[in-house]
Amino acid sequence: MSLPERPGGISSEHRNAYRQSQSRRHRPADIEASSYYPVEGGRSSRHQPGLSANSFAETIPSPNNSFVENMPLSPTGERPAAPDQPFQRKRSLIRPERNRIDKDHPNYHYRKHAANMSTMPSATGNDPIAEDIEATTDVSGSRSQTLDGVSDTSPPRGHGSRPNSGEQEKKAPRSSAKRVSRHKSGKITKSTKKRSTPQEVIRPPSFWNVYCAIITFWCPDFMLKCFGMRSRAEQRAWREKMGLISLILLIMGCVGFITFGFTAVVCGSPPLRMRVNKVSDGYMIFHGTAYDLTRSGHPPAEGIPVPRGQRGANILWGMPGVDNRGKDGSFLFQNVNGRCKGLIEAAPNSEVPTNANGDLAWYFPCTTFNQDGKSEPNFTTPYYTGYSCHTSEKSRNAFYIDLKKSADVYFTWDDIKNSSRNLIVYSGNVLDLDLLHWFDSRQVTIPQRFEELRDTNTAANKAFRGRDVTRPFQSNGDKEIAECFEEIIKVGSIDTVTVGCIASRVVLYVFLALILSVVGSRFVLALIFQWFISRNYAAAKTSQSSDKRKRNQQIEDWSNDIYQAPARITGDIGSSVVTSDRSSKRGSTFMTTSRFSTVYGPDRGSSNKRVPTTMASSGGSGSQLLHPNSMYRQGNDSRSSFLRSDPYASNVPPSDGPGPAGFIHEAVVPQPPADWMPYGFPLAHTICLVTAYSEGAMGIRTTFDSIATTDYPNSHKVIIAICDGIIKGHGEEMATPDYVLAMMKDQTMAPEDVQPFSYVAVASGSKRHNMAKVYCGFYDYGAKSAIPVDKQQRVPMMLVVKCGTPDEATKSKPGNRGKRDSQIILMSFLQKIMFDERMTELEYEMFNGLWKVTGISPDFYECVLMVDADTKVFPDSLTHMLSAMVKDPEIMGLCGETKIANKRDSWVSAIQVFEYFISHHLAKSFESVFGGVTCLPGCFCMYRIKAPKGAQNYWVPILANPDVVEHYSENVVDTLHKKNLLLLGEDRYLSTLMLRTFPKRKQVFVPQAVCKTTVPDTFMVLLSQRRRWINSTIHNLMELVLVRDLCGTFCFSMQFIVFVELMGTLVLPAAIAFTFYVVIMSIVSKPVQVIPLILLALILGLPAVLIVITAHSWSYLVWMMIYLFSLPVWNFVLPVYAFWKFDDFSWGDTRKTAGETTKKAGLEYEGEFDSSKITMKRWAEFERERRSKANYWGSKENVVGGGNSWSMPPGHQYHDDYYSDA
């Protein structure tokens, strides 16, 4: 894979400046999707990192490149030697060219950019290896779809002598003579529009669409039309919503079945069981089963009178002279003539009745005995022989048929092994061998084996007593005897668990262990991150207090009011940081500085510690942000130029020509040396992006004040505000862009002279064409600012106002395309700078505007801080965030903690305080250990634009990566899944895209970076906000769960955590319902379900432990209690409402504008996109055209800055005291 070059590096490849997006192949009229072919004799652009001094391949000869051409704007050409060591790729088991790269590959679009670069011939004379470009890059198969008049062309260029130039002229692109520039093409003709219309391709319905159709078969389209869903898009969204709800209900049902139903199915309802010796007096035992005889009545018999008024005497306590309560009456109803037939026979002269078949009437004396086995044999017979033996058919039917058993009597193994009992276990039945002593030898004869087993002194008895004899009895021929014993001496059953109950317990404990491991690991790893890992990201020193507890208290006090200023507002970076260093208590007695010392402090370059790489430090000397021969040079090519008293002294009079250097603002903040590190790390240039919609003046002012007064040097930060249309907030006097424009001063151009420029918006239909104005200047704190005048720093600022096309000037919300479009304006701009691609007029103006107010090329910016217009940043937050970015190049995105400023406004805002706290310090801290924070809040986060790669001055795009920009700028949003991703949760989707594209890089949470914001204080606004957040969370987790390259493996992976989080989000309503059920059942029923209660206590109690251990404010314990009482709202009301509103893509009541009742989704755009209205050229072509219009084709001095002809006026100073101690 080709890598963009870092300034000062080599460029081994070149490319054709066109993009062919697979995701946009169905949009042939898309100006950005159309191919670009240079005319004959033209040269393909270079694969450079951007439009820095070393990357203007069309304009400036770069002495660090291997192949340099003579450019029309540069009459000189240099060819220095290339670096000795080329970039070496890491070893891999799979060769990169053998990887299958399809449209689903995370680096698909980036590989296309790399594959589209043409390779220049080698200087050795060897012919390059020609590859089939058509086969490798034209994935969509529509390369010839470029419209005449749509693809812009470069004018013919002159070339110096180089190998095979004649062959290249012969291989010029076909039909290049027919292509004309866009400004000459005019409007697109009808035939052209007809050819550009994408043909509808009939595809078979997907499985998901079929499933949704089956689920909603009962509601045909005409019924949906009756309920207001007239368009097919609305009907399809509703059907997909019902399909998703059905899956959610199915998942909830599965969770409920596993929680409550699985045990009942596989284990069943076990019968009532009673342990031996604990059978109550209301029961009587027969053959190991207890019967409730409290309401029994014995029919009249000899010796058993019938009490008056009753049907019979009670068997338990009504028998004369006998108390049967809790006793064993197995001998009263003996199982005879079964499996014991042939083993037990009548003795000679026996009184036991028998018949011709040898059947006996009874075996034992018909009496009762104690359940503890301590009764002695009793052979006395009252009244008559066979008394109480119940041998009649009526009495036996009354027992075996009519009497219902109440409970099983069970023995534990401790009972079996009791030395006072003579018990064995066979097939789960407990047999009492002592009952064999009740055989009357005068009445029956028994086998010798019976006598061996009952005698405790025999070897057989000692071998089997207290054990399970199932296997030995079945193997040694005693099976017949054992089965006989089961009928006559069974006293109960062993305490065993069925296979189904064992399985249910295994499942229960597996899920319990899983939940406990997830909850416990989240808690432990969150603590590890808070205590050990997070401190590595923070800056060593800032303008705020270094004491952690004191700083936390300052932050809590600061976050109580949205408009409250911090305890300490940082002033000039030179004074705030250097002074704090010199005021150290351990100061040296001897002088450490002199009048010759640099104002930037001690030299950091003498340290042997490896310094992290930044764009400014990668140039070698560390101080040259501009190329010595750059047309942007200011006469300050060395580090000493910052300290000269008259750095712009020149014998040549200044020029007021139209070159970019002639328009650099006189008050631009100077650039310090790259080795100046006031916070202990190299400074990286960053863009502070503020997206505004309908915010008021007060909210915008405090946001800009907080960013402008951050202690990060102003030379390395710039504020870019993008207003999403001409929108007037509800109750506001002016439109939001007017408020922002009033907060700028020293503008490079009068506001009334600023013209709108076209760009390609993220929309569909005619809305795809949009226009915006670019205002450049410096931030104006205002006359009544709360910031002291001596603390007001000069911060460069650029305002982009999306004003819309003239056709929508009279419509509501002109220029409004959404927050995602605002972000794409910057992301696409950064991508085109890094790859030196064709850009729109708006992007060209943005480039020049940034140059004018910062004095450096935009490709030097490495990070983007994204802040909403209602968010206030703590003074040292930006420093901590950039410290993490610089110290760990693998970090591609991070976020800070968001505090709530209106905690006590209402109960709605109060219940959100602790929810915000645990979402950061528990969830994001845990995810940061894996480097996979799944959601970087759009109100306060930072992304890396590009990252250093290797040690050969190479940079790879991160946020500016074509795959990220291409997917994030998707405008064909035709499914419910895409609409929830791109219309409701664009900020979270950007985090998902970054993780999906770069699964091996990190997204972390930096707790030292803090901001504050206002949250909804009415329930309807909260309901609308959380509907969007919950739905976007579900669909983003669906995307992330498919990424297999995230950190970890199987259950110990980030992918598994994402899956658990997805399932947990889907079953929130069922979970809270189950929780209340378990609590209520534990109160009203016995026995108490201990395990679920312990689990519930752990889940709800661990956050409180986190508060105590991490030493946060004790007030959060109160906020936690408020949060616990509001759990039904969080886990039931909000998710259920969000699920039912899956097909609602509006923003509801979150942020209304003047004259608006409810925010619409804004999905259906009419009209066709006319790409001829948008001009796209490379920067050099725009610059050449601008200069040609100005008729400024001067001498060599005017082109390359010879003689400092483009220097600033002699009176302009570089403000050396800006970084001094004064």
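Including glycine, each Cβ sits where the backbone N, Cα and C put it.
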Where Swiss-Prot places region 'Disordered' among the ranges 563-584, 695-716, 1201-1222: 1201-1222
Proximity of the transmembrane segment (242-262) to the transmembrane segment (1056-1076), 3+ C-beta pairs under 8 angstroms: yes
For the transmembrane segment (1090-1110): best-contacting stretch of 509-529, 1056-1076, 1116-1136, by Cβ pairs under 8 Å: 509-529
For N1031 (N-linked glycosylation site): intrachain residues, at least 6 apart, with Cβ closer than 8 Å: N980, L984, G985, A1138, K1141, F1142
Most crowded position, judged by CB atoms within 10 A, among N378, N418 as glycosylation sites: N418
